[in-house]
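**Student:** Can you read through this structure? Questions will come right after.
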Amino acid sequence: MKTIVALGLLALATAASGQFLQDCTNALDGLYAIGNCESQFLTCSGGIARIMDCPADLIYNEPLLICDWRHNVVGCEGSGEASGEQSGEGSGEASGEGSGEASGEGSGEASGEGSGSGEGSGEENNVCEGLEDGAYSSGGCTTYYFFCTDNTARFLSCPTPLFYDVATQKCAWKALVEECNGEIIIDGSGETSGEGSGEASGENSGENSGEGSGEFEPTCDGKADGIYPNGVCVPNFLTCSGGIARVMNCPASLIFNPDILVCDWPRDVAECHGLSTPAPVCEDDGYFSFGQCSSSFTACTNGRAIVMFCPAGLKFSQANQRCDYDDLVNECQEASGEESSGEASGEQSGEGSGEASGEASGEASGENECVSLDNGLHAIGCSPRVLSCQNGHVDIFECPSSLVFNEQTLICDYPQTSLKCLIEDTLLIDETPITPFDCSTNGLFSDGLCSATYHQCSAGQLINFTCAETNAVFSAANAECVDSSTLLQCH
């Protein structure tokens, strides 16, 4: 026990000092950053180190242990975008992702360009000076907020696509945040014609029809930082950060909903009503890959098709009917380049697979869990995890990030639609308890939404812990015990 605690403190001290792990020597099983604003991260499992890639346009957010949008990671808001902007339209986005991000880390952060206005410059005043302990907005319509504890500030950001609501002191949909009223702009006259075929050339441009051939380029002129529609009933949206426009793609089968500013099911998007959408073909039950070396696949059960995603860094094997590492997937071996094909298929999952731990495919450790269940998909509590039972064979798959599996509709949907989710209007899925048999994913997990007890899963073994300090509870997002006053769910 003392050894595990000591290793945990060593890992936290290493991260706090700015020294990043390059291997798993003396490191606990888990996820680790390998640098600032990096699109890759390190996974440690049984002492074995693996470098995993985030989906396209995302970087690793170490406090939340997920791949996240750059503007959601404190200190990375302006990095990597300036050089991409200078390289020109069309190929500019693609080159910005390669050399742009690298140069952003080398020079962008150091010079403080973009919105990095003096972070870490030593000139900032203490924002908690004279404030009582509690949560505060960073100002206006923003995803950023901070906690003041004993005159010390801790800066956080809401998970995409939520914004901080001062009135309720929690993250909420943008449409419900008073400070954001009047900032939701839907321009039906210009944004619908030939949007962004040139802009999207570096990111999944296959989803765009290409009409306009780049003559119209989305712009953030006159718009505050945030998310905006990019057309009517389209599978992409516009993000504005520091005046720079980017077209982002929704996960497979989802359409951007301008009313709540999230990627949503077409049935819930008012603009799509009356428009024909192709129904997925699902003649036989089973699991079917989206293509060569892909992290996305379709689960067919009782004639219904459900789009699923492998955990981060894994690909779906049609032959083995499971998610696995690239070198164990035949489709990836046949591809010409494992690295490039991995990133290409990773784009399909969008923000959907960022929070997964990257451990191998998640076959359940309890083979008897499907004995009393029918063949099909079953929810594992209020979580993105899905239990698959097929003739006694057990697998665990995942819904996209921020979604949970709804057993009534048999789709991945928002938490408030699931009977197993008791907390409404929250995406703090990492804090929900997991079922006792499911210890296939290595890491630290809370025993409840506001609990002083937590447990560690390592190689299928479960170890229980209790926070030592009075009023301390375990935060799954921070992977450590924190004061209960700093967690919104404890208020």
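Quick reminder: no glycine exception, Cβ is built from N, Cα and C everywhere.
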**Student:** Going by the disulfide annotation in Swiss-Prot, which one of Cys293, Cys323 is bonded to Cys310?
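**Tutor:** Candidates were Cys293, Cys323; Swiss-Prot matches Cys310 with Cys323.
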**Student:** Swiss-Prot pairs Cys171 with one of Cys148, Cys158 in a disulfide bond, so which one is it?
**Tutor:** Cys158
**Student:** Quick one: Swiss-Prot says Cys399 makes a disulfide with which of Cys389, Cys412?
**Tutor:** Cys412
**Student:** From the disulfide entries in Swiss-Prot, identify which of Cys450, Cys481 pairs with Cys467.
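**Tutor:** So the cysteine paired with Cys467 in Swiss-Prot is Cys481.
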**Student:** Check Swiss-Prot and name the cysteine among Cys233, Cys263 that pairs with Cys250 in a disulfide.
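**Tutor:** That record, Swiss-Prot, gives the partner as Cys263.
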**Student:** List only the single closest residue to Cys54 (disulfide bond), chosen from the recorded positions Cys263, Cys399, Cys412, Asn464, Cys467 by CA-CA distance.
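**Tutor:** If we rank Cys263, Cys399, Cys412, Asn464, Cys467 by Cα distance to Cys54 (disulfide bond), first place goes to Cys399.
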**Student:** Measure from the CA atom of Cys412 (disulfide bond) to the CA atom of Cys67 (disulfide bond) and give the result in Å, rounded to a whole number.
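**Tutor:** It is 19 Å, counting Cα to Cα.
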**Student:** Write down the Cα-Cα distance for Cys399 (disulfide bond) and Cys310 (disulfide bond), rounded and given in Å.
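**Tutor:** Roughly 9 Å, rounded to the nearest whole number.
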**Student:** By DSSP assignment, list the helix, strand and coil residue numbers for the domain 'Chitin-binding type-2 6' (436-491), in that order.
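**Tutor:** Counting residues per DSSP class in the domain 'Chitin-binding type-2 6' (436-491), I get 6 helix, 24 strand, 26 coil.
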**Student:** For Cys399 (disulfide bond) and Cys250 (disulfide bond), determine the Cα separation and express it in whole Å.
**Tutor:** 14
**Student:** Which residues, sitting 6 or more apart from Cys467 (disulfide bond) on the same chain, put a CB under 8 Å from its CB?
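**Tutor:** Spatial neighbours, sequence-distant, of Cys467 (disulfide bond): Ala452, Thr453, Tyr454, Val473, Phe474, Cys481.
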